[in-house]
């Protein structure tokens with residue numbers, strides 16, 4: 001883990017991240033595992049901030065996930081503490097005690113209840129978190145928190161990430177312009193000893209926690225839950241959404257209100273941008289893959305088909321090899337157990353339909369498909385021809401780089 | 001596909017394959033796709049032979065799978081025709097007509113009904129099978145069928161396989177000694193344009209098709225259905241079991257009869273040996289992985305956990321890298337959705353328990369585990385601590401070789 005990974009060829013520059021009223025961020029070097037880089041991030045939120053969260057479905061979640069789930073109960077947040085280098089997963093009672101101690105540390109600084117402090121950890125599994133290092137570093141870090149700290153925070157939460165990830169949007173709620181801004185980390189869907197997917201999003205809109213939760217759950221279902229690097233799921237994944245209420249809009253409690261439609265669209269768009277940044281930093285990535293499924297018996301069924309294609313090692317290696325191997329797409333559709341009928345199935349790549357009605361299209365000309373496969377963004381289209389269910393998924397290729405990153409001897 | 005793959009470092013030599021009464025095998029060069037090697041295999045079975053089959057669960061199966069499923073209806077078989085190089089999958093009406101033609105060809109030679117002919121094809125998907133080449137080659141091939149043709153057949157069905165695979169057993173049914181003997185191919189769980197898993201097993205025992213089917217289904221569930229190379233499933237996978245009835249044992253119609261217990265154990269053992277040979281030829285394999293799960297809420301749940309671990313790219317790359325990364329095993333258990341409790345979960349590698357009771361064991365010494373990881377056969381043990389469900393799965397590591405084989409440009 002000492003040697004630096006080459007930056008992803010699909011990296012994107014950090015956008016400008018303006019201040020967001022009611023949020024102050026900062027990062028410092030706590031020396032948890034890495035040296036010579038920041039590894040501890042803190043945020044303070046204005047009094048009255050509401051929060052929503054979506055967490056890993058793992059049955060073996062890390063102690064910080066347990067902590068946040070419990071802390072969410074009253075929907076209020078004042079602080080966030082994130083460390084990189086140690087996931088505090090599978091650490092038993094010591095792991096729970098570490099979360100208690102660091103939440104209390106942050107609560108003292110911010111002058112709030114410990115349950116208003118949210119915690120996240122990523123890094124190695126099964127090693128006790130040296131929480132004392134975090135306790136020692138927090139007062140100094142707190143003193144440096146700044147409305148301009150977003151970029152530092154985006155860098156401070158990285159593990160095997162090769163570039164920092166952030167996105168920003170504005171939206172109208174009635175006459176009020178609000179901002180939504182977030183950071184993310186992730187490069188494997190997870191590599192439990194290093195990577196994991198975390199995202200922290202804040203808005204200055206005034207929204208009750210129930211509305212935030214509704215929007216976040218649905219937005220994550222269409223973004224972070226539609227990406228896959230290697231089908232593996234972290235013990236630490238989480239997406240948190242904080243609303244500071246500083247923008248001054250009139251509070252709306254009905255998530256279906258048309259007044260919130262613009263905000264919701266902006267949030268969805270931001271979540272998808274962050275999710276796609278994770279894919280663009282997939283371990284060993286050289287190409288991203290966008291899978292579009294139509295004609296399924298339901299959206300849920302379409303989602304399973306899309307994810308089966310995006311996860312298939314044989315599809316992923318074909319994309320890596322620039323091989324327009326549509327037979328592997330047929331295989332992945334066929335294996336996933338969802339309703340499919342060979343004789344109504346159509347498969348296209350890069351806008352060219354290749355197979356239809358149970359066989360290859362007459363006079364199929366591979367030329368445009370081969371040209372498309374040489375690009376960096378590969379589009380695979382599947383029409384099941386059964387009903388109206390649709391879904392999209394995003395993945396990446398499977399390359400020697402993935403093996404290098406995950407198969408190397410531990411140092 | 002022109003260049004020869006290096007032989008798997010885990011290859012096993014073909015065992016001696018004695019004649020089995022009522023079975024004659026042969027192989028020839030039909031020039032379907034390969035040149036300079038056999039690619040067409042035929043078997044003739046004695047009149048009265050019964051048959052059972054287990055097929056791919058793919059929703060997009062090949063035409064030969066459709067053919068065999070239909071032909072199984074009366075449980076009788078007289079011939080088997082297998083070609084390598086073209087899977088006859090996703091070939092529409094032309095694919096169906098190819099199966100009809102080749103079944104009729106073989107039926108004429110053997111003097112049986114076309115529905116007593118079983119067909120299997122592996123190779124490229126979506127190209128119409130040049131069945132006329134098979135029609136042309138069959139009469140000459142039929143003339144060469146021999147009781148000594150087993151080894152030739154094992155070689156003739158290979159695609160990306162790097163070594164031929166066969167196993168043999170004897171068993172007692174009452175006072176009669178019977179033989180069970182089989183061949184298999186497979187190296188990816190499937191690479192639809194090349195590989196697939198096929199196995200053909202015959203016995204001289206006299207057994208009704210219903211008993212064969214019962215034994216085969218359960219035996220496959222504990223062998224071929226517990227192996228995985230890359231989680232992908234072929235459109236063409238099948239295992240067929242033929243019983244010629246030449247051994248002269250008294251026919252027994254109750255699969256639960258104690259008189260059949262020895263036969264059944266021998267069949268199970270043979271199926272597992274064949275399945276493990278496929279794993280030992282997994283694409284790019286350098287190590288095999290044996291996952292044992294105990295303490296699950298049911299055997300089925302244990303099976304899902306074991307397969308999730310064996311399929312996890314992060315576990316597979318850790319095995320390739322000789323990294324005793326038990327955190328990735330915890331991750332794979334946690335992600336698969338089966339009942340699991342972090343605080344009752346135990347994980348061991350190579351006979352050493354590493355994690356117990358939600359954390360690493362006190363004074364865990366990695367030395368024996370590191371030594372075990374350097375071997376060729378890696379054993380991962382998981383006790384969920386919930387109930388009595390158990391299962392085993394077998395997989396292999398994920399290496400640069402897999403990427404080379406599946407990610408190379410098509411020639």
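Using the three backbone atoms N, Cα and C, a Cβ is placed for every residue, glycine included.
Marked as active site, nucleophile by TrEMBL: B:196.
Residue B:406 (substrate binding site) counts 29 other C-beta atoms within 10 Å of its own C-beta, drawing on all protein chains shown. According to TrEMBL, the feature substrate binding site maps to B:159, B:185, B:196, B:283, B:406, B:411.
DSSP assigns residue B:406 (substrate binding site) to a helix in the three-state reduction.
Each of the binding-site residues B:159, B:185 was scored by other CB atoms within 10 A of its CB, and the lowest score goes to B:159.
Less than 8 angstroms from a Cβ of chain A: among the binding-site residues B:159, B:185, B:283, B:406, that describes B:406. With a 10 A radius on its CB, residue B:283 (substrate binding site) counts 30 other CB atoms from all the protein chains.
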